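Now, the feature entries from TrEMBL:
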- SER70: active site, phosphoserine intermediate (ACT_SITE)
- SER70, ASP284, ASP286, ASP288: Mg(2+) binding site (BINDING)
- GLU378, ALA379, ASN380, ARG506, PRO507, SER508, GLY509, THR510, ARG515: substrate binding site (BINDING)
- 58-92: domain 'Alpha-D-phosphohexomutase alpha/beta/alpha' (DOMAIN)
- 111-172: domain 'Alpha-D-phosphohexomutase alpha/beta/alpha' (DOMAIN)
- 183-290: domain 'Phosphoacetylglucosamine mutase AMG1' (DOMAIN)
- 305-445: domain 'Phosphoacetylglucosamine mutase AMG1' (DOMAIN)
- 487-534: domain 'Alpha-D-phosphohexomutase C-terminal' (DOMAIN)
Amino acid sequence: MANNHFNYKTVYAFAREMHPKTEKFDVQYGTAGFRAKASTLGYVMYRMGLLAVLRARYKKGCVGVMITASHNPEPDNGVKLIDPCGEMLEQSWELWATKFANVADDELVDVIHEIVSKLDIEMTQRVEILVGKDTRPSSPSLAKALCDGILALSGKPIDYGIVTTPQLHYFVYCKNSKHEYGIPTEEGYYTKLSNAFKKLRGESFNNGNYFNKILFDGANGVGAKKIKYFQECLGDSLKIEMYNDELIGTGKLNFMCGADYVKVKQTFPNGVPQITEQRCCSVDGDADRLIYYYLDENKKCHLLDGDRIAILIAEYLKEMVESTGLEVDLGLVQTAYANGASTDYITQKLKVPVSFACTGIKYLHHEAQKFEIGVYFEANGHGTIVFKKEFKEKLKLALENTSLSNEQHGAIKKVLTIIDLINETVGDAISDMLLVETILHSKGWSIQDWEKKYTDLPNRLMKVSVKDRTQITTTNSERTCIKPDGLQDEIDTIVARYKAGRSFVRPSGTEDLVRVYAEAISQEEADQLSLEVALKVYDMADGIGPKPSL
Ligand SMILES: CC(=O)N[C@H]1[C@@H](OP(=O)(O)O)O[C@H](CO)[C@@H](O)[C@@H]1O
Ligand SMILES: [Mg+2]
């Protein structure tokens, strides 16, 4: 057994006296870690501090812990662990996280023994745990609980204060890559991204139908704080007009604004001036999601969501790589929530292969890593691009190849700069925005030009409350329901009655409910289809509360 130098007494005493388990119900490490009402999370944070130290020792590197509930309301909070390469916590450890969170206070030490001995964890290393938090008022006290857990096992917490989730992922990877990926400071992050952006933009800031002004909805959260640093670094190359900044406004985090609100309600956010045809974007509460939109002359809000962002990026990268003359295996990853019209466009027009993954960035990320260039986005605007190490090396090697033309060398350098603009560790709203702005600028496109590529199928997302959402199980990247028996047959029968109809159901990983998605040829039909399916779920899966209605 590995040598144990930690002080069991401290672990238990801290648990009992400062962070006792207050909740009787079990919590589960879900799609995005633990999420709940902030007031119930103190002991979970403490235990995640313990687990983070164990994970860091096991991986022999530093790990991150982000305190955030993303797009959820302000009274909520949550926690997720970041692995040494900047990715989400490896799935097999999610089970440990759930176990750690749910055992009784006096069993905590036993569970630590269990994991240490099962995984042969060397307990003498002094590991660093990078801690970040969003702007929620509950975050500082939860961070204190987390740090108590880290200290109880003699880890070293490094508090980055208020940062976006993707910034923390970036810092973790920078540290573990020994700065090869970048400098693990906020300044290092701003400098890397803004230098790449300015290099790509060149001297002329406008081009064709593209104008260098964007309205930015910060969701009254950390994105609003951080975009100000970018604005300073970017100067006049991009004029970001910022709205929904809790410091100057009175708005509440994610309340009637932010990327989730705009996407789910398919509507223009509060707090942003309604200027016809003006390009706007929203980020969510921890700035890892991005949605674009504009208002037409009839005040109708047109959304350009994650599907469109993914397509814009994939098409651009495909063209860029083609001009280098290098062979590349480029693919796109979507979830079942991707609009059917986007999938048709990618596969039929762009001729780029599409893979499907389960909901949750961790699944998309790993699927995307199978390609040399893997573009992945959830329809809600969460995504990034990953490049295989071998591909980056291939690019660098090609720069030394004298048989390639000057144009090809220029294109290779440009692709390398684009890679610098991207936060490959996880979806990053600000980095994604800078990339979208770069592409629109390079093509000379307005947001309307971008939208013209294809027409989305009208769609509708609904929620159904049921007694036990784990009763519903799915397969085929969540597109087919296995349990309860017979539900999928019923859905198929309903869908068959709708032109271009598609619908699926799955239990949410972040909320205690079942989600129903539907799309069809018109909005009325998409609404009707989702309602019919939602009612079926309610009937066949022990619905609770009022029946679903539109
Ligand atoms: C339909 C939808 O938007 N689902 C979201 C939501 O997951 P659910 O498991 O559906 O609750 O939150 C996840 C974490 O932010 C995000 O990855 C995912 O896309
Ligand atoms: Mg988020």
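Cβ atoms here come from the backbone N, Cα and C positions, even for glycine.
No curator has checked TrEMBL annotations; they are predicted automatically.
The structure, with features from TrEMBL marked on it.
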residue : record                                  : DSSP (3 states)
SER70   : active site, phosphoserine intermediate : coil
ASP284  : Mg(2+) binding site                     : coil
GLU378  : substrate binding site                  : coil
PRO507  : substrate binding site                  : strand
ARG515  : substrate binding site                  : strand
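Other than SER70, ASP284, ASP286, ASP288, the residues of this chain whose Cβ falls within 8 Å of the Cβ centroid of the Mg(2+) site are, in sequence order, THR68, HIS71, ASP134, THR164, THR165, GLY221, ALA259, VAL283, GLY285, ALA287, ARG289, HIS382, ALA429. Neighbour density at the Cβ, taken as the number of other Cβ atoms within 10 Å, is lowest among the binding-site residues ASP284, ASP286, ASP288, GLU378 for GLU378. Listed in sequence order, the recorded positions among SER70, ASP286, GLY509 whose CB lies under 6 angstroms from an atom of ligand 1 come out as SER70, GLY509. For the domain 'Phosphoacetylglucosamine mutase AMG1' (305-445), the model's average pLDDT works out to 96. Less than 6 Å separates the Cβ from ligand 2 in the case of SER70, ASP288, drawn from the recorded positions SER70, ASP288, GLU378, PRO507, GLY509, ARG515 in sequence order.
Relative to GLY509 (substrate binding site), the recorded positions SER70, ASP284, ASP286, ASP288 all have Cα atoms farther than 10 Å away. Local packing around the Cβ, expressed as the count of other Cβ atoms within 10 angstroms, is greatest for PRO507 among the binding-site residues PRO507, GLY509. A gap of 22 Å separates the Cα atoms of PRO507 (substrate binding site) and ASP288 (Mg(2+) binding site). Once Cβ contacts within 10 Å are tallied over all protein chains shown, the recorded positions SER70, ASN380 are led by SER70. Inclusion criterion for the recorded positions SER70, GLU378, ASN380, ARG515: a C-alpha placed within 10 angstroms of the C-alpha of ASP286 (Mg(2+) binding site); this criterion is met by SER70. Here the candidates are the recorded positions SER70, ASP284, ASP288. The one whose C-alpha lies nearest to that of GLU378 (substrate binding site) is ASP288. Taking only the Cα positions, the spacing between ASP288 (Mg(2+) binding site) and ARG515 (substrate binding site) is 22 angstrom.
With SER70 (active site, phosphoserine intermediate) as the anchor, the candidate binding-site residues are ASP284, ASN380, ARG515, and the one with the nearest CA is ASP284. Reported as a whole number, the C-alpha separation between ARG515 (substrate binding site) and ASP284 (Mg(2+) binding site) equals 20 Å. As a summary of secondary structure, the domain 'Alpha-D-phosphohexomutase alpha/beta/alpha' (111-172) carries 30 helix, 13 strand, 19 coil according to DSSP.
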